[in-house]
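Now, the feature entries from Swiss-Prot:
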BINDING   19-26, 81-85, 136-139  GTP binding site
BINDING   Thr26  Mg(2+) binding site
REGION    60-64  region 'G2'
REGION    81-84  region 'G3'
REGION    136-139  region 'G4'
Amino acid sequence: MAKEKFDRSKTHANIGTIGHVDHGKTTLTAAIATVLSKKLGGEARSYDQIDNAPEEKERGITINTSHIEYETEKRHYAHVDCPGHADYVKNMITGAAQMDGGILVVSAADGPMPQTREHILLSRNVGVPALVVFLNKVDMVDDEELLELVEMEVRDLLSEYDFPGDDVPVIAGSALKALEGVEEYEDKIMELMDAVDEYIPTPERDSDKPFMMPVEDVFSITGRGTVATGRVERGQVKVGEEVEIIGLTEEPSKTTVTGVEMFRKLLDYAEAGDNIGALLRGVSREDVQRGQVLAKPGSITPHTKFKAEVYVLSKEEGGRHTPFFTNYRPQFYFRTTDVTGVVNLPEGTEMVMPGDNIEMNVELISPIAIEDGTRFSIREGGRTVGSGVVSVIEK
């Protein structure tokens, strides 16, 4: 039987449940899918189906993640849920599951716990744009004042990490009771999803963002000029438009795209996802190299110093067997190339062990086109030993 057609008329967003262990993330995920399927049609998912998350490999890192899909009246969602805390850390840093927004689950019976804090910090550092809060297990709390106290604590915690704590929607309910079909709690799930629909911004499509293409290879074609090839990461470029060549040199240089070719056919323009060759006017083969990017002028700039949130692979994942210290000098692999950089650990951190995650300062020996949210791998001799995302650009 043919699968039903994917409905493109609804906007699509990627979200995930985050929060402390045993506060009810997976139960809530099951409750959302179940209640929405009951009210609006679609596939219900049981707790067990979600909890037995398959192992995935992303950049050589083993991550257990469950992906489910569901729809509200307004949107189509892909929802990611992870069984273990380490899986969240890896997922968010590698971008294995890009999140346009998150549902922070906090048990009303326990209040915010250490991983609640850590997941909020991670969300901020990896650039999750918005969070909505679900206060779970309210059926276990008799005291109305206690609920208000927990809500205040969560709001303060969000504000501490630069989320708008006063404005974030907080919905109180019970995922378990909703799964059991208790109507007042099913209504709370619908209320939560209304908040997610309204409060989590519609993600900007890659094709609407400013043009950027990482350069993978460079050819010179006799009589025509220099061609840079690569996959357009975002935006679009039209023949005749000006672009900048950015990275690995002190200053970006400007050129004009005089031709766009894909599968040996000439195009008027290329957009996100296309593998193309871009013919560049007045550029010699020496002026452009792998590791640079072509980009809309002024949209991205080259930098050497930044803060990053990093996950260090464990020995079992093929990572290092020993810790590293400040002044560690590995290669940082951005898009298509390795650049050596020097690591500076935060004050009070003596060393970083395999399997840890850490916020560190990095200084590259050559400038690379980066911005907040740019992802990279850390490598030693071609072997991946870490994965990271730029959280703050410093220079």
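Easy rule for this one: first residue shown is 1, then count along the chain.
Heads up, the Cβ atoms here are built off N, Cα and C, so glycines get one too.
Sequence-remote contacts of a segment are chain residues at least 6 beyond its ends whose Cβ falls under 8 Å from one of its Cβ atoms, and for the region 'G3' (81-84) they are 16-17, 21, 25-26, 29, 50-51, 53, 63-66, 68, 91. Recorded residues Val138 (GTP binding site) and Thr26 (Mg(2+) binding site) have their alpha carbons 16 Å apart, per Cα-Cα distance.
The two recorded residues Cys82 (GTP binding site) and Thr26 (Mg(2+) binding site) have their Cα atoms spaced 8 Å from each other. Cα of His85 (GTP binding site) to Cα of Thr26 (Mg(2+) binding site): a span of 12 Å. Here the region 'G3' (81-84) has a mean pLDDT of 81 out of 100. Residue counts for the region 'G3' (81-84) under DSSP, helix first, then strand, then coil, are 0 helix, 1 strand, 3 coil. Sequence-distant contacts of Lys25 (GTP binding site), defined by Cβ-Cβ distance under 8 angstroms and a gap of at least six in the same chain, are Thr17, Ile18, Gly19, Asp81, Cys82, Val105. DSSP assigns Asp22 (GTP binding site) to coil, not to a helix or a strand. The DSSP breakdown of the region 'G2' (60-64) into helical (H, G, I), extended (E, B) and coil residues amounts to 0 helix, 4 strand, 1 coil.
Of all the Cβ atoms in the protein chains shown, 24 others lie within 10 Å of the Cβ of Cys82 (GTP binding site).
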